[in-house]
Amino acid sequence: MSLPLPYIENVNTTVAQIFSNISGVSVENEDTYLFETFYGYKVTAGNLTVHIAIACLALWVIALNSILLNTLYHCRKHLEVTDIFIFSLGIADTFVGILLLYNTVYNLLNFQYLYECFLRFGMIQSVLLTSCWHLGLLTINRYIKITRPYSYHHTFTTVKVIVECVCMWVFAFSVGFLPMMGWDRQFIPENKEDSNQVCRFFGIMDAGYLKLTICLYWIPLMLMIGMYSHIFKISHHHAKSISQQHQVVCQSTEKANADVKIAMHEDLSPSPESSGHDKDKKRRSIPNLIRSKVFGERPSWKLTKTVSIIIGVYILCWVPTGIVLMLHLSGNLDYLSITMQGKILVYSSSLGFFNSFLNPIIYTLKIPVVNTRFKKIFTCKKRIQPNNTQNPSMRTKSVSMNNMKASSVEYTEHQL
């Protein structure tokens, strides 16, 4: 059932009006503005506020991901192979922050140079595509770890993971620079607002190229959803089997206790030490076996949950940008100027770039090494001085306190 055309136009007009109210810019004209930059670009108060907020976000993204990379590098000997993917993803997020800061300055100054535009959009597209495909590799990594644990260490070695990360970077940059190599379209202004513009994202990007990039984002997304659905199904079955094993353990323990009581009654001269030892042995044999199995798998499941949170946050943050791209390709934004469509894309993608800020925070909550490092940096806890650097008076007091404790212990033993 298709919606009436007037209804669709009203919805599109409402969406555009919402974005225009946020930016402080009217869809038809720009009567009120703070200052004017290159090529007659008028910066409004709302526009300036949004770009300052994006610039602050970019600085935080760079800072947090730099700390993350430094921490993972110095603790690389104590980390898993999976953390190589996280390290590469942190590099991508750091580049996202740098490019976001540069793009914000560009959007305010609006200096127009076509090849710079291709280079900037190509870099941003490449880094974002790298992040998406790295999440796909992380999903495959966790899937094999859960479903095929015995072949995991053979499949994901350090060398193989590094090669996979390098291949992802090369592939993403190859796709990102396709418009620079000729797959583009000539920007022909069709609106008064676009008359002084040389470069706009929707103005130079060919529709076929945008469809290709959307498909390249959808492939790992569908992969993530399918594999994690299976992982959560296995997790549910795993929890159910643990519950059943726990019931068996309880029944076995009760039976062992009953056997011990019968043995104690039947034996005329039981040895307390041996019976107690046998009793403890029977109680602990089966529970320890299951406990070791469950707790041995706990780190793997914990890291799997961390990756699932990262992927879930990524999907939620980039949904608005995907919707804007789909609306553009379907022609529902054609009544707006290319400049206005670009502004809508900037505001919708701000939430997506916020994902690069959230990733190191998620790592902080889930990875102990990163958590410790962030606490040392962002908290003002004083380090406890070693004993050899204490003041002489403090050392004398501590020695006297130890002597008093020792004398009190000797007195108690003498009284006993």
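Including glycine, each Cβ sits where the backbone N, Cα and C put it.
Unlike curated records, TrEMBL annotations are generated automatically.
According to TrEMBL, the protein carries these features:
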type     : residues : note
DOMAIN   : 64-363   : domain 'G-protein coupled receptors family 1 profile'
TRANSMEM : 48-72    : transmembrane segment
TRANSMEM : 84-106   : transmembrane segment
TRANSMEM : 118-140  : transmembrane segment
TRANSMEM : 161-181  : transmembrane segment
TRANSMEM : 201-225  : transmembrane segment
TRANSMEM : 307-329  : transmembrane segment
TRANSMEM : 344-365  : transmembrane segment
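The transmembrane segment (84-106) makes contact with the transmembrane segment (161-181): 3 or more of their CB pairs lie within 8 A, with pairs spaced 6 or more apart in sequence. Proximity of distant same-chain residues to the transmembrane segment (307-329), defined by a Cβ-Cβ separation under 8 Å and at least 6 residues beyond the stretch ends, is recorded for 12, 82, 131-132, 135, 138-139, 141-142, 202, 207, 210-211, 214, 217, 221, 224, 228, 231, 341, 344-345, 348-349, 351-352, 354-355, 358-359, 362, 366. Distant neighbours of the transmembrane segment (161-181): 81, 84-85, 88, 115, 118-119, 121-127, 129-130, 133-134, 137, 204-206, 209, 212-213, 216; these residues of the same chain sit at least 6 beyond its ends, with a Cβ under 8 Å from one of its Cβ atoms. Sequence-remote contacts of a segment are chain residues at least 6 beyond its ends whose Cβ falls under 8 Å from one of its Cβ atoms, and for the transmembrane segment (48-72) they are 22-23, 34, 79, 83, 86-87, 90-91, 93-94, 96-98, 100-101, 104-105, 107-108, 346-347, 350, 353-354, 356-357, 359-361, 363, 369-370, 373-374, 377. Confidence in the domain 'G-protein coupled receptors family 1 profile' (64-363), given as mean pLDDT, stands at 79.
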